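The transmembrane segment feature in Swiss-Prot is assigned to 49-69, 71-91, 116-136, 142-162, 175-195, 206-226, 247-267, 269-289, 299-319, 320-340; the stated evidence is sequence analysis. Summarising the annotation, Swiss-Prot assigns topological domain 'Cytoplasmic' to 341-827 and lists sequence analysis as the type of evidence. The domain 'PPM-type phosphatase' feature in Swiss-Prot is assigned to 594-804.
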Amino acid sequence: MEKAERRVNGPMAGQALEKLQSFFNRGTKLVTHHLHSLFFYKGFIYVVIGFLLGRAFILSEVLPFALPFFGAMLLIRRDKAFYAVLAVLAGALTISPKHSLLILAALLAFFVFSKVAAFITDDRVKALPIVVFFSMAAARAGFVYAQNGVFTTYDYVMAIVEAGLSFILTLIFLQSLPIFTVKKVKQSLKIEEIICFMILIASVLTGLAGLSYQGMQAEHILARYVVLSFSFIGGASIGCTVGVVTGLILGLANIGNLYQMSLLAFSGLLGGLLKEGKKAGAAIGLIVGSLLISLYGEGSAGLMTTLYESLIAVCLFLLTPQSITRKVARYIPGTVEHLQEQQQYARKIRDVTAQKVDQFSNVFHALSESFATFYQASDEQTDDSEVDLFLSKITEHSCQTCYKKNRCWVQNFDKTYDLMKQVMLETEEKEYASNRRLKKEFQQYCSKSKQVEELIEDELAHHHAHLTLKKKVQDSRRLVAEQLLGVSEVMADFSREIKREREQHFLQEEQIIEALQHFGIEIQHVEIYSLEQGNIDIEMTIPFSGHGESEKIIAPMLSDILEEQILVKAEQHSPHPNGYSHVAFGSTKSYRVSTGAAHAAKGGGLVSGDSYSMMELGARKYAAAISDGMGNGARAHFESNETIKLLEKILESGIDEKIAIKTINSILSLRTTDEIYSTLDLSIIDLQDASCKFLKVGSTPSFIKRGDQVMKVQASNLPIGIINEFDVEVVSEQLKAGDLLIMMSDGIFEGPKHVENHDLWMKRKMKGLKTNDPQEIADLLMEEVIRTRSGQIEDDMTVVVVRIDHNTPKWASIPVPAIFQNKQEIS
């Protein structure tokens, strides 16, 4: 029976505990929500700040806080300014009625000077500090004169000091008060903005002067709590800065508290240095720092008071929810939370951008399909529809007025249609005149045969023109469809690149972190996006030191771990001291190229019909191209140069090279009716594996020189611009380090005089070359060809030479101990 009761009571007790915990959580959230609404949405926070700033003063009699706060409130939260001024006056009354009267006088002067400033300028933000300055100076001068009846030099100086401080505090409050507004704070705060915010906090703490319990000052406790919180959030630099600023303001309020600047600064420094020990470490730093400075400042007399004040501040710090410290840390530069916030923001921007690019890609793809469908539908139209249209035009001018119309087209429709169709086809093929049987049959059948024959001949000319125009339009649609599809694919690839997410390589990340930390390098974070051979992509977050560890140490170590040359692709240094750098590592190119070119116009002129280009395509491809325009001179130069420019733009956009050449061909063939064309010789080298694609359109052969061997590369394609549609033949070759790729126009290849076999002559000259320098080879080949012509340049000449070599990195790989290296798993 007891067991049964325990079994029943156990679950019931658990359910009751869960209900109690749920009720407590709901209550906590409700209270937090109401407090947040009360302080920030309803503006009670400004009442609290105004009350404490009304109590705040420095140098025993200077009141520079109240009027700047009210002026800033008028600009930032005008709807809460009335409550703020009441709070300021109430706070001043708790000190003395004299303070309250001075602030009231300053407010009245402020309204007067504001009206004057409104007539001078419309920029209220720029005018506010000046208005506050004159208002505070006038109020102090009038108050002192009314009180004493005289105005001494000391009073002048104090009035100017008070007005100057009010001027500066107005600028500071304009920067710091917006942090308390309901609107979302920007992603990060500058160091200057943090200092302005701390001056505001310290000014508010000054208003707590005089509140004490058994010798423990309220402003001391809260000041240490603020310094401890910021040292834990932002580290030693932020903690020390906050300590100096807070201590300085408290010291100005009470000369006896001047040592607090040293105490708070040193405590903030120690707390920040010990932040790695979590809250306990930062708390120990505060206690040790405050005790040490207290021993030097006050001796053993106030040691226990200082200890109690620090312990209370530590208790408040330990009771502060971690969610609050994390939320504040998001706005402090250099913190991990700020870095994560930045990454999250960048990820959101990336997703939005990728979504937009995807939408554009889908639009272009839909347009491409629409054009392609229309183009295919046009191609699938049967010849019968064309024949029907043609015959309808013939009958309209002949059979409509014929007396045999009913017999031919009603009673014998099929026979009439077939006979006229046969006559049309025979006439189109130029065989009707010789086909006596068909001609006789048609003349016997049709009473207007002569008229119909003439109409068919005339209409055929118009019909052919119509078909030619229709073909042009169809080719244009096909070109647009292919281009839109190419653009869609490029944008889809770009979207995938934007949306690139890190792959799950937890084991490899741990191995890399352990290896680097064993070497003495601190790594904050590692993200591996890809370990694909030749496409490695790793990003790291490391402390910024400015000594180039990324390039000199980390990249060489990764090269040994991954068995592939790694280099720094991008590095973003932290603009703040003790911040973090974001470094991207990637595969380096396995090969590099060096180039040379020689170029000459016919007859030594300035304008050549040849054009050439050498360019990098992305990170791992290199392209060289030569175009030879038909003939010589300006027109040929225009054609070849236009071909090269179009090729560069299209290839750089990422569109496939075959589509690029087809597009250029369609553009050049459609844009004019002149019989012009240009050749194109294109080579694309993959710098990762040294493979090479040759796309030759009406061009001369290319040559690969490998040691003493010379290999010819050629393909048979018509020149660009002759026909509207053709298939590009692609020739692939595998290059090796040390190979020389030699491309040339027909002016070089066919230039040698009295040479029957140009291939053998060119190979013999290449084998005889004693240099491997690309520029020297280009110059020597051109010189040899010109020499065979007795120094005459009888055609445009262009030769391009590309040498491929292994890419040797700047820094050699650093061996990693085998205990940290599991290359099978890494790769």
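Cβ atoms are placed via backbone N, Cα and C, with glycine included.
Within the same chain, the transmembrane segment (142-162) packs against the transmembrane segment (49-69): three or more Cβ pairs sit under 8 Å, each pair at least 6 residues apart. Listed as Cβ neighbours of the transmembrane segment (299-319) (distance under 8 Å, sequence separation of 6 or more from its ends, same chain) are residues 215-217, 220-222, 224-225, 228-229, 232, 263, 267, 279, 282-283, 286-287, 290-291. Beyond the transmembrane segment (116-136), the same-chain residues lying 6 or more positions past its ends with a Cβ under 8 Å from any Cβ of the stretch are 64, 67-68, 71-72, 74-75, 106, 109-110, 159, 162-164, 166-167, 170-171, 174. Below 8 angstroms of C-beta separation, residues 83-95, 99-100, 102-103, 106-107, 110, 132, 135-136, 139, 158, 161-162, 165-166, 169-170, 172-173, 177, 180, 200, 203-209, 249, 252-253 of the same chain, each at least six residues beyond the ends of the transmembrane segment (49-69), sit close to that stretch.
Within its own chain, the transmembrane segment (71-91) has Cβ neighbours under 8 Å at 43, 46-55, 100, 103-104, 107, 110, 124-125, 128, 131-132, 170, 173-174, 177-178, 181, 207, counting only residues six or more beyond its boundaries.
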